[in-house]
Amino acid sequence: MIARLKLTKHVYSLMSVLIMLGCSQVPPRSAVPAELTHLVAPAGLTQLRYFGDSRDNPFDDQYIQQLRQRQKRAGLLYNAQGHILPAHHLALSGGGEYGAFGAGVLNAWSKRGDRPEFSVVTGISTGAIISVFAFLGAEYDSYLTRFYTQTDGDQLFQSKSIFTMFTGLSLVNTEPFEAIVRETISADIIEQVAQQHLRGRLLLMGTTDLDSQRPVVWNMGELALSDIANKETLFEDIIIASSSVPGVFPAKMIDVSYQQRQFQELHVDGGITHQVFLFPEVTLAKQQDKTSAREHRVYIIYNTKLDPDYHIADASLLANTGRSIFTLLKYQGRGDVNQIYNQSIRYGFKFKLAYIRDDFEVTRPPEFFNRGYMNQLYQYGYRQTYQGQVWLNAPPEFKYVEQHMTE
């Protein structure tokens, strides 16, 4: 969500004042000691998550073997003739309201009839919201259509008065957004995620741990299968945290423990550390010999633009800063996409990328989460996909290199 949240000048000004005064009423918490960051977890269950930048393999041989056995029993590994089936993997980026593009892509993909069942689905920020329904299949497409085409910004967030801004934890009231998430992510949906996990499929979401400054990847199927008393609330909290732009939205406090000791972590938008992610490099390296026998197909739905977007910059301090931040995030996202592409080339995976290209020429309104604009994004993604024009075989700069190498 962080990649495309536009703020007005007076909000930027208030942010500056807030930073200088530092007078927010912050609730007390017991932060995790540095030496325990790799040991703590909700209810002490370390299998629920891993650090996205860890050098340790989060999916060891035993875990991978368990996944394969589950896939085999579910008929996802071999067809009726005994031939090994391809594995399809979907990575969904952040992008806030631009997630309407991804919702359109998935709906049209289902309508075409050639959308595969994914072995792995990952989501960051707005992609975390989409990922649940992409993981559960085409019968859940209506959830995406409803959220991204029938919702306005004022149904999700409410502006605060200047007085509550100075004493609160965020610049906007996100209670309406949180209420929608909690109403939508029901116990039945979590049970469906658990059942799909038992078929050997993975649903992974990314947040950012502010204390450790590290990306955290949550194994949502493991959480759905667990017997944690508050797993529904935690499931929802992870989605909300992944979408929480720091300062604008409040950080999400998540309870963790280690050997009966209780702590609280602060988690925010996964887009702070990654705009999109897929496999840990260490897992691919250790599984290289075993994955080579199976065809792997990687799909990225990148919910914003990757190409440079020309705009005459205002020389003022606030406009200059905002434009610089958006540019930084764009190139962070390009780097994330390129990393997945390079992994795919290295390990022989087929690669497909969908993103909002220059032929989408609708002018963005000043307010974010504008329903009309989101409908245009949705229709663009739907049309491009249904007409078979949405997928590219390489990121922009690699496509340019390929074209010139063949000339």
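Keep in mind that glycine also has a Cβ here, set from the backbone N, Cα and C atoms.
TrEMBL labels come from automatic prediction, so no person has curated them.
It should be emphasised that the depicted structure is a prediction, and the values quoted were computed from it without experimental measurement.
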Of the residue ranges 58-62, 123-127, 258-262, which one carries the motif 'GXSXG' annotation in TrEMBL? 123-127
When TrEMBL is consulted, the range among 4-9, 94-99, 292-297 described as motif 'GXGXXG' turns out to be 94-99
Whole-number Å distance between the CA of S125 (active site, nucleophile) and the CA of D269 (active site, proton acceptor)? 6
Is the motif 'GXGXXG' (94-99) packed against any residues at least 6 beyond its ends, judged by a Cβ distance under 8 Å, and which are they? 1-5, 124-127, 129-130, 148, 153, 269-271, 275-276, 302-304, 333, 356, 368-370, 373-374, 377
Taking the Cβ of D269 (active site, proton acceptor) as the centre, count every other Cβ atom within 10 Å, in any protein chain shown. 29
Cβ contacts within 10 Å for S125 (active site, nucleophile), all chains included, total 36
What is the number of residues in the motif 'GXSXG' (123-127) that are helix, strand and coil, as DSSP sees it? 2 helix, 2 strand, 1 coil
Averaged across the motif 'GXSXG' (123-127), what pLDDT does the model get? Just tell me the whole number, please. 96
